[in-house]
Each structure stands twice: as structure tokens, then as C-alpha cells.
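Annotated features in TrEMBL:
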- A:3-61: domain 'Spt4/RpoE2 zinc finger' (DOMAIN)
- A:Cys6, A:Cys9, A:Cys18, A:Cys21: Zn(2+) binding site (BINDING)
Amino acid sequence: MAEMVCRECHRILKGQTCPICGTGNLSSDWSGMVIIIDPQKSEIAKKMGIESKDRYALKVR
Amino acid sequence: MSENGDSVIYVVKTTANQEKSVAIMLTQIARKDRLDIRSILAPDELKGYVLIEAPNVSTVEQAIQTVPHARSLVKGESSLDEIMHFLTPKPTVTGITEGAIIEITSGPFKGEKARVKRVDEGHEEITVELFDAVVPIPITIRGDTVRVLKKEEQA
């Protein structure tokens, strides 16, 4: 099954709803990936305003 | 180290089209071996490379040892400012203006030339009219499936 991305938080997930936002507003058309492993120390996470470790898409259509 | 705290961006060369799988594998290894890798970036624009945010080069060297498709570490380091543009990708319709002549690069109209009638930045779509069509029918296509031939033509 293709991985989906939540249009609101950009998380890459499997399934039909985003476990964090609780929304079903997902997209299979996404590109680019950023994996945040340590949100406290990561400068990229700070710039993107990400506070939890996860996989995120850079662009969602 | 860098001016952005102690995070530095290192670039790892990978096999083409394996960027995402390398990023996922590196994440698993970083968690398992408790390596201080803070984030991994695999932008679509950068084919054959992944960017790793870590405090020092030895952490990255250790992490890529056992990862298949991770080929080598690029010498030197990048700053966060240099990779900022990857974090906020531009819409694909940037640079396409109304009146421009484009060529469709994929789909059923591949190879057809057309004039842009409307640009929808929000949906990243453009509406075009094909040159070779007998009756001018507007067609809406994705902005990333076209190539601009001529910027804007005064009618």
C-alpha cells in the first residue's frame, strides 16, 4: 500500500487517518522526505517547527 | 563547527532512486546504535544524495558503514543556510506565466505544444490550449509535466 501524507502536519503514515491530527485529509501525491530523529537538538526541526520525531514529507499536493 | 549550534550538515552519496530507503535505514541504525544523528533529509531535487544533520563526521561515517546503497560520504560539510531552500520547495508552476508557450512532457498529450491560459499556483496546475487542436479546448494539467519553450508572447 502506498504511503500517505497528512495534508495538515505532513507526516508520512500508513492507514487512512492521521493518528496525531485525527484527520482523514491525506494525500498520496507527495515528494521529498525529512526524518527527524532528535527534535530537541535538530536545527532543521526548529526551522520547520517540528516538535516530535517522525517522518515528514517536504511537499504535499 | 558551525554557527548554528553544533549541528552540521553532511552529504552522503547514494545509489540513484534509493535516497528514501537509505534515509530510513540510517534512521534505524541511528536508533539501534544510539548514534547522535539529529535528522536526515532526502529532497527529490537532489538525486543520489541524502543530507544528514549530525554534530560530527565520525557519527555519520559509522552510520553509513552497514547501509546498502549508501556509497560514500562527500568531503566537507554544509551549513543549514545552504540547504534551507530544500525545506520549502517552490511550487512547480513558478516561472510559468499566462501567455507562455509550453511543451507537454507526459500524459496523453506528450509532445504537444500549447499556450498557457491560466496558472493555478495553489493547486500547481495550469490550463492550456493546444496549438494543433482544431477546436480550442482548455485542458488543465499539472505544472510539473510541462517544459517552458517561450516565456510570454505578446498577442
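Backbone N, Cα and C define each Cβ position, glycine as well.
Those TrEMBL annotations? Automatic predictions, nothing curated.
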Excluding A:Cys6, A:Cys9, A:Cys18, A:Cys21, please set out which residues of the same chain place their CB within 8 Å of the center of the CB atoms of the Zn(2+) site, keeping sequence order. A:Arg7, A:Glu8, A:His10, A:Arg11, A:Leu13, A:Pro19, A:Ile20, A:Gly22, A:Thr23, A:Asn25, A:Leu26
Model confidence for the domain 'Spt4/RpoE2 zinc finger' (A:3-61), as mean pLDDT, reads 89
Across the domain 'Spt4/RpoE2 zinc finger' (A:3-61), DSSP yields 6 helix, 22 strand, 31 coil
Using other CB atoms within 10 angstroms as the count, which residue among the binding-site residues A:Cys6, A:Cys9, A:Cys18, A:Cys21 scores least? A:Cys21
